[in-house]
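Colleague: Input: one structure, supplied below.
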Amino acid sequence: MKKPVKSWLIASTVAALLAVPAVSQANSEVEKLTKNPANWATWGGNYHGTRYSELKQINTSNVKNLQPAWTFSTGVLRGHEGGPLVVNDVMYIHTPFPNTVYAIDQKTQAVIWEYTPQQDADVTIPVMCCDTVNRGLAYGDGKIFLQQSDTVLTALDAKTGKRVWSVQNGDPKLGMTNTQAPLVVKDKVITGISGGEFGVRGFLAAYNIRTGELDWKGYSMGPDADTLINPTKTTTWKDGKVQPVGKDSSTSTWEGDQWKIGGGTTWGWYSYDPELNLVYYGSGNPSTWNPAQRPGDNKWSMSLWARNADTGEVKWVYQMTPHDEWDYDGINEVALVDQEIKGQMRKTAVHFDRNGFGYTLDRVTGELLVAEKFDKAVNWASHVDMKSGRPQVVSQYSTEYNGEDVNTEGVCPAALGSKNQQPVSYSPQTGYFYISGNHVCMDYEPFEVEYTAGQPYVGATLSMFPAGKDVITGKEDGSNNLGQFTAWDATTGKIIWSNKEQFSVWSGSLATAGGVVFYGTLEGYLKAVDAKTGKELYRFKTPSGIIGNVNTWEYEGKQYVGVLSGVGGWAGIGIAAGLDSGEESSNSEGLGAVGAYRSLSSYTKLGGTLTVFALPN
């Protein structure tokens, strides 16, 4: 049975390319900046994406005295994801569409410069899935890099805000958009693409930092030449060991040319290991959401990747959810940490997937070390087989096994995952990761859908609701919380502690040397907890719901903590897009989120504010 697909309310002009001779290696500059905790120079505070700060002026004893130091209104409503950069005492702030960038003087809080790109809202906004968000900026080579919603990548002079160059990264008329923060690596700017719900084939691209010229592009699926996979050198985990992927490892897992509209987009966060010269990231769900229309494992959607930063060639790749049947979009960040596992120090890559499993891999080889549920409510799979690396799917919750036009009930987690894009933090003091999580399940009904370029290519109806189970034991307890904040040991795959939250925690966390971990809540609280115990030490209600990441820096000898508030994102789409949540028929609106989060509007409204906190003088 075919059903009409309706575009949902969720969420240009290109300048001439200016040729600039020579190239510079910017990552030595970025590395130097990130080693000084007075800066917050990348989305994750460092190349490894750990979101940890050595600052400790704010600690477990005095954080209770924290108070707002100053605020800044962005002038834009809807979802504010990401967080501010602070580079050499200057703050850089971004907004959701229209993607305005502000440079702020911290002494006066005055705007040094602002830049708003020219974009066609009528073309771009209708094809933005899950709100008009933007996750932040990148700095390098004296430039601020903005990845616009309309896919244009723009380089701005960090001192003046003048455009240096811009380049088109995709075509919004085909459903392509961008929401992620780019990453500067050596003489390149790394970026990806959004649009999996429109049949966009995902890729990672590297542009020259000086000229904007394309250096390389590696697709998530397709022939080896497209994916930049070397059949004999690129490895994966199977049969209990690391081994070459072999020829046509992607196309052999698709029926016909379905891979050309196969999804696997790359709208998450990117990490980098300078010693290994590898870029790490995740690829998203296959298109369509109806698994019956795309037989096979659909490689390499739903995968973790390690690519050579110079050439884009794939070092290793690991697929977490073969033939994804639930939209468990695998784009979440990969944090790079050296840890002792079973008595041996390992260079690890740690990833908390929307599918509810926390993965620890050897980041050098791609060897699978740990794969365990970080929310025990997860039921779509019983476990991950460590030899094959494949999840063991429970047929009761298999949307393909149950069939098209059949409502598969009680699947945990819901499509927005046990964790969405909001990045984790890691404290070397405790050895724990801190996870902002969702505690939501769903009913999921796939249906046949036809592909039309630039039109939604979803093929499923879903509704979401509280998991009603204990996070640590998985036992039904009648709880109605939609979120939690969890401490996790990635060496053993065990939950250390977990705090319930009324709504999903959609804010990236921050760990500090002061023993404090910060995060924001959907109803708008900035919270501080003890890194060891999870005990709440501080809370403050900001002007709107928080889906931004908490960042910290130092200015004139004083530590500051800042976070953007502005409710939105998938969980907050009902408020952000003005969808009616007052009728039962709205349960499936916003791709299922409106019904689950209908009470959120009683706690917060639209906004767009940066709130900066500090201890009193």
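Backbone N, Cα and C define each Cβ position, glycine as well.
Found this in Swiss-Prot, in case it helps:
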type	residues	note
BINDING	R135, T179, S194, G195, G196, T265, W267, R354, N420, W506, W570	pyrroloquinoline quinone binding site
BINDING	E197, N285, D327, D329	La(3+) binding site
DISULFID	C129-C130	disulfide bond
DISULFID	C412-C441	disulfide bond
SIGNAL	1-26	signal peptide
Colleague: Let me spell it out: for each of the disulfide-bonded residues (C129, C130, C412, C441), count the other Cβ atoms within 10 Å of that residue's Cβ, using every protein chain shown. Which one has the most?
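Modeller: Within the set of disulfide-bonded residues, the most crowded position is C130.
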Colleague: Cα within 10 Å of N420 (pyrroloquinoline quinone binding site) is the criterion; apply it to the recorded positions C130, D329, C441 and give the hits in sequence order.
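Modeller: The recorded positions close to N420 (pyrroloquinoline quinone binding site) (Cα within 10 Å), listed in sequence order, are D329.
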Colleague: Which residues, in sequence order, are found in the same chain with Cβ within 8 Å of the centroid defined by the Cβ atoms of E197, N285, D327, D329 at the La(3+) site, excluding those residues themselves?
Modeller: G196, G263, G284, S287, W289, D324, Y328, A415
Colleague: Take the C-alpha atoms of C130 (disulfide bond) and E197 (La(3+) binding site) and report the distance between them in angstrom, rounded.
Modeller: 10
Colleague: Does anything in the same chain, at least 6 positions from G196 (pyrroloquinoline quinone binding site), have a Cβ under 8 Å from its Cβ, and if so what?
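Modeller: Long-range Cβ contacts: C129, G202, G263, G264, T265, G284, N285, P286, S287, D329.
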Colleague: On the Cα atoms of R135, T179, S194, G195, G196, T265, W267, R354, N420, W506, W570, which are listed as binding pyrroloquinoline quinone, what is the maximum pairwise distance in Å?
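Modeller: Binding-site diameter by Cα atoms for pyrroloquinoline quinone: 21 Å.
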Colleague: Whole-number answer please: how many Å between the C-alpha atoms of E197 (La(3+) binding site) and W267 (pyrroloquinoline quinone binding site)?
Modeller: 12
Colleague: For S194 (pyrroloquinoline quinone binding site) and D327 (La(3+) binding site), what Cα-Cα distance in Å is obtained after rounding to a whole number?
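Modeller: Taking the Cα atoms only, S194 (pyrroloquinoline quinone binding site) lies 14 Å from D327 (La(3+) binding site).
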Colleague: Find the one among the binding-site residues R135, W267, D327, W570 whose C-alpha lies closest to that of C412 (disulfide bond).
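Modeller: Given the candidates R135, W267, D327, W570, the nearest one is D327.
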